Amino acid sequence: PSCFGYPLSIFFIIINEFCERFSYYGMRAVLVLYFKYFLQWDDNLSTAIYHTFVALCYLTPILGAIIADSWLGKFKTIVSLSIVYTIGQAVMSVSSVNDLTDHNHDGFPDNVPVHIALSMIGLILIALGTGGIKPCVSAFGGDQFSDDQEKQRSRFFSIFYLSINAGSLLSTIITPILRAQECGIHSKQRCYPLAFGVPAALMAVSLIVFIIGSGMYKKVQPQGNVMVQVSKCIGFAIKNRFRHRSKEFPKREHWLDWASEKYDKRLIAQTKMVLKVLFLYIPLPMFWALFDQQGSRWTLQATTMDGNFGAIQIQPDQMQTVNPILIIIMVPVVDGLIYPLIKKCKINFTPLRKITVGMFLASLAFVAAALVQVQIDKTLPVFPTADQSQIKIINLGTNDATIKFEQNLQSVSVMPMQSTGYMTFETSQLKSLNIVSGNNSQMEVINFPGGNRHTLGVKSTGSAIMTEWLLDNVTSKPEEGNNLIRFINNFAEPVNITMGGTSFGTLASFSGSDYKLFPGGRKDEITVIRNSMTCSAVSQTFGFGSAFTIVLNNCSAGDLGVEYSEDIAPNTVHMAWQIPQYFILTCAEVVFSVTGLEFSYSQAPSNMKAVLQAGWLLTVAVGNIIVLIVAGASKLSEQWAEYVLFAALLLAVCIIFAVMAYFYTYVDPNEIEAQIDEEEKNKAKKDGDIYENQAEIDSQM
């Protein structure tokens, strides 16, 4: 059965690919944040495990291709590994249900190792599944066309690439929205089970759709795997060369010619072409090392930025959608506009030159990321080290107050209802401080453990000075653009406080509450009940990632008077500043990735495509391993310096590649094949002639 001149079975395959990519990219988009906020890992461990997972996902396709070609055939491989995949996604979803081990209902899992174990099992199954499917699906699609459908087949591959990007685009938009929902049985928190559950459901759909089409597929019998043959041929050549290493044996033109005792000329010639291309692949992993940090480092960078785009709030993990959106726009623009323009300018833009330009652009993108990081770092607060303490003073009275830190450390004056910033002291030197306000003075003895921030509330009344110490139990900026809010009750009586539906309970006179988390970018109503009278006010907008202390001062005719004291400044660098680095990196991807596959196919015989595909995927895997090594070995404390390091490494590799490309001579595999055909024909003819002559001689006897 056919439809628009395409085999009907193709549509099942494209739907299957769309669901599989949706499922994979959706899960990958929220993965780093799941590690960081749910499993409570730090940035470095989250980045490391993320890249280990991605590397695994690109190593397993080689396994998948061998299973399909030598043993099960593509159809059975796709079905059986899709089942593994679906189970993996389901396990992943279960691992993120915090009510699984949250017995005290505080919103955090009590037994984190259970969740870690489950999610690692899930990730390994997913890596096996996606790796087994990746090389088979596109080739299985290609198998559905007969030889006279060359045009439809190439059109199929572009539609196929589009369905990959559509799947990845939609899931990168949708999954973060699901993650940002609140859900849970006993306590509400980020909805990771939904973010992992929807991809799992889609994977199941994709499997069912694929099986429904079963009767229509052309199923090619497994032909034995080319990769295995090529490896054997290379292995034999090396062994044979080593056996004949003494001088009396004549040299051969190429080391692979040492395999000619056992393997035919054609395989040897094809292997030579493949090795020539694979040699050029050696520098490529460095590109992927930078490219795949979009999902780890760049997403973590976005969590320290301001995601307020007017009408909509962008989640940090949604910034990754910039890449597929730009790909869908840029591929036609580059193909239809930029390449023809370069041609018009009489520049020969060869595939290898394109790849070189792609590497250069990717390294530029990381310079851009470093510049953004420097701007972000300027806005980040400095927290005390283990042997320092920080003190901030809020004057809650109506007179000026002067505070002197003893041993002449420093002295500050604070106007009424004002506060200082945090002052940093060596804990060992902090012994006492002296407060003068109005006509009163008072001495306070200080004894801090160190490593914390403290706030001192000071209020001068008629004959005495009241003081209130608060421990600011915060050692990092609030995550995910949330804000921390706390209150100080400056009334003479206790009050009951609620803000935006969150209750702070009853606060005694002249005391402070603990911090509570609020979503970023909102205004909330503050309601205070005092002596059974209600006062309210609408708060200011707190931005993203800030911490504020709100002082409750007075209440007249139901209106609440408050003062704000900023403890941690909000994120001020806008997420839109990430767009330039995404744009440059996408341009790099368009000239690098698309060209790379095209070039590989043009430089090797048709039956060797699987080997080159495996080599190409291997470069992605190695790239992700490079991230682990570089990030682990470089003890750079500054994130911007790490970006610059990666940019410099890629630039160096780019120069090496340019030199290699300069010495590369392009080949035409068809020509070489034709040459071998010709030689074989002549040999057969010669053999035939000898046979005929022999027959004549025989008949004459």
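Keep in mind that glycine also has a Cβ here, set from the backbone N, Cα and C atoms.
Copied over from TrEMBL:
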- 48-68: transmembrane segment (TRANSMEM)
- 75-92: transmembrane segment (TRANSMEM)
- 112-133: transmembrane segment (TRANSMEM)
- 154-174: transmembrane segment (TRANSMEM)
- 194-217: transmembrane segment (TRANSMEM)
- 273-291: transmembrane segment (TRANSMEM)
- 325-342: transmembrane segment (TRANSMEM)
- 354-374: transmembrane segment (TRANSMEM)
- 610-631: transmembrane segment (TRANSMEM)
- 643-664: transmembrane segment (TRANSMEM)
With pairs closer than 6 in sequence left out, are the transmembrane segment (273-291) and the transmembrane segment (354-374) joined by 3 or more CB pairs under 8 Å?
yes
Top partner of the transmembrane segment (643-664) among 48-68, 112-133, 154-174, 273-291, 325-342 - counted as Cβ pairs under 8 Å
273-291
Which range wins on Cβ pairs under 8 Å with the transmembrane segment (194-217): 48-68, 75-92, 154-174, 325-342, 610-631?
75-92
If one takes Cβ-Cβ under 8 Å and requires six or more residues beyond its ends, the residues near the transmembrane segment (273-291) are 230, 234, 256, 352, 355, 358-359, 362-363, 365-366, 585, 588-589, 592, 596, 599-600, 603-605, 608, 611-612, 615-616, 618-627, 630, 646-647, 649-650, 653-654, 656-657, 660-661, 664, 667, 669, 672
So what's near the transmembrane segment (112-133) in sequence-distant terms, Cβ-Cβ under 8 Å and 6+ beyond its ends?
20, 24, 27, 34, 38-40, 53, 56-64, 67-68, 77-78, 80-82, 84-96, 98, 100-101
Interface-richest range of 48-68, 154-174, 610-631 toward the transmembrane segment (325-342), CB pairs under 8 Å:
154-174
Remote residues contacting the transmembrane segment (610-631) - C-beta distance under 8 A, at least 6 residues beyond either end
44, 47-48, 51-52, 54-59, 61-62, 65, 69, 134-135, 139, 225-227, 230, 274, 277-278, 281, 284-293, 296, 596-597, 600-601, 604, 642, 645-646, 649
Give the nonlocal contacts of the transmembrane segment (154-174) in its own chain as ranges (CB under 8 Å, at least six residues past its ends).
6, 10, 14, 17-26, 29, 138, 141-142, 145, 198-199, 317-318, 320-321, 324-325, 327-328
